[in-house]
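**Q** Questions regarding the structure given below will be posed in turn.
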Amino acid sequence: MNIFDELKERGLVFQTTDEDALRKALEEGSVSYYTGYDPTADSLHLGHLVAILTSRRLQLAGHKPYALVGGATGLIGDPSFKDVERSLQTKETVVSWGNKIRGQLSNFLEFETGDNKAVLVNNYDWFSNISFIDFLRDVGKYFTVNYMMSKESVKKRIETGISYTEFAYQIMQGYDFYELNKNYNVTLQIGGSDQWGNMTAGTELIRRKSNGVSHVMTVPLITDSTGKKFGKSEGNAVWLDADKTSPYEMYQFWLNVMDADAVRFLKIFTFLSLKEIEDIRIQFEEAPHQRLAQKTLAREVVTLVHGEKAYKEAVNITEQLFAGNIKGLSVKELKQGLRGVPNYHVQTEDNLNIIDLLVTSGVVNSKRQAREDVSNGAIYINGDRIQDLEYTISENDKLENEITVIRRGKKKYFVLNFK
């Protein structure tokens, strides 16, 4: 199957400038293509993974990827379908974030070996060497204001107000494509569907300035079956950086994907063949309660992003927490699995009576409730049920002399951190 047709089969092609011409180009030889990543945070997130993995699929098919870090455009801020203008970051912050993004991309694209090894570029390298006058003369003259205002991403901001800085963003992204086309023979740009207006500014500039032929292909912005924007957990982005979203949290995210989305996401986010995914679909529909599709998703994506060791650790944390076996996990694993639960910092020398502790830490609202919970066996310390109303937290309860884990009922966890 032609790589373009496989991408369509996987639901990864949203829009193209010329589908037949692009398919033919991908069939006839190696195509140089690029995807841009503005450093708007210190990590990429799951939303970026669609374009990243699409880029990797093309590389595996023999095409050559260019990964563009937007050191210049990141200083400006893309207005596409944003309700308000982005806060401008300092150069130092953008450089720092850009360096982190470089490291993350190297986990997915092959930068070291092969004729089609990936190339990393930064648009700050060319924008920092062009004067404002030259940019207006050599680039700005190819764009009419009517053309720029016709972009849907701009139309949505006209009534509420858009700064010239953001208005000019599409020309900057268009110039990126022109620079890569001129210097590296890059003829294809890949990006999210919200980038269509900015991306086609590049094909227009290449056509008008050098009479060249270039292509754009957008990948869809992924939503779940309810229409909710994909890639967020409890309203927060699921980051690729393990310090921002732990492998365990990412594992749980995929494990909790709805049945209606699971098989579709296998096509988008894994490198399993379409035949393998079809086999999983059949088994999944026969026994959805076994959650084969979600478990496969979690295994494939966590391993891809963080490695097999992190995946196995996430599985172990999940199993031990489900069984209530707190002592079967290291403090490092517990902190990963219990990130986000209420924490209470205490002095090491404190003698903490269980009743007072439950109230002051907010586990329960009153001493009466605390006594009831302890008497009824609803309170656990490091997995052990506590029914002694006079119980006091001791050195023996400090795991690795660092934390104590309290559980109320089956699911409500609380962590004591000792200073």
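Backbone N, Cα and C atoms are what each Cβ position is placed from, and that goes for glycine too.
So Swiss-Prot lists these for the protein:
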BINDING   Y34, Y169, Q173  L-tyrosine binding site
MOTIF     39-48  motif ''HIGH' region'
MOTIF     229-233  motif ''KMSKS' region'
BINDING   K232  ATP binding site
DOMAIN    352-419  domain 'S4 RNA-binding'
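So that I understand the layout, could you describe where these features sit and how close they are to other parts?
**A** Following the DSSP three-state reduction, the secondary structure of Q173 (L-tyrosine binding site) is helix.
According to DSSP, the secondary structure content of the motif ''HIGH' region' (39-48) in residues is 3 helix, 1 strand, 6 coil.
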**Q** Could you give the maximum C-alpha to C-alpha distance in Å for the residues Y34, Y169, Q173 that bind L-tyrosine per the record?
**A** 18
**Q** When a 10 Å sphere is centred on the Cβ of Y169 (L-tyrosine binding site), how many other Cβ atoms does it contain?
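**A** Within a 10 Å radius of the Cβ of Y169 (L-tyrosine binding site) lie 25 other Cβ atoms.
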**Q** Counting other Cβ atoms within 10 Å, pick out the least crowded of the binding-site residues Y34, Q173.
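**A** Among the binding-site residues Y34, Q173, the lowest count of other Cβ atoms within 10 Å belongs to Y34.
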**Q** So, by DSSP, how many helix, strand and coil residues make up the domain 'S4 RNA-binding' (352-419)?
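**A** Helix/strand/coil tally for the domain 'S4 RNA-binding' (352-419): 19 helix, 23 strand, 26 coil.
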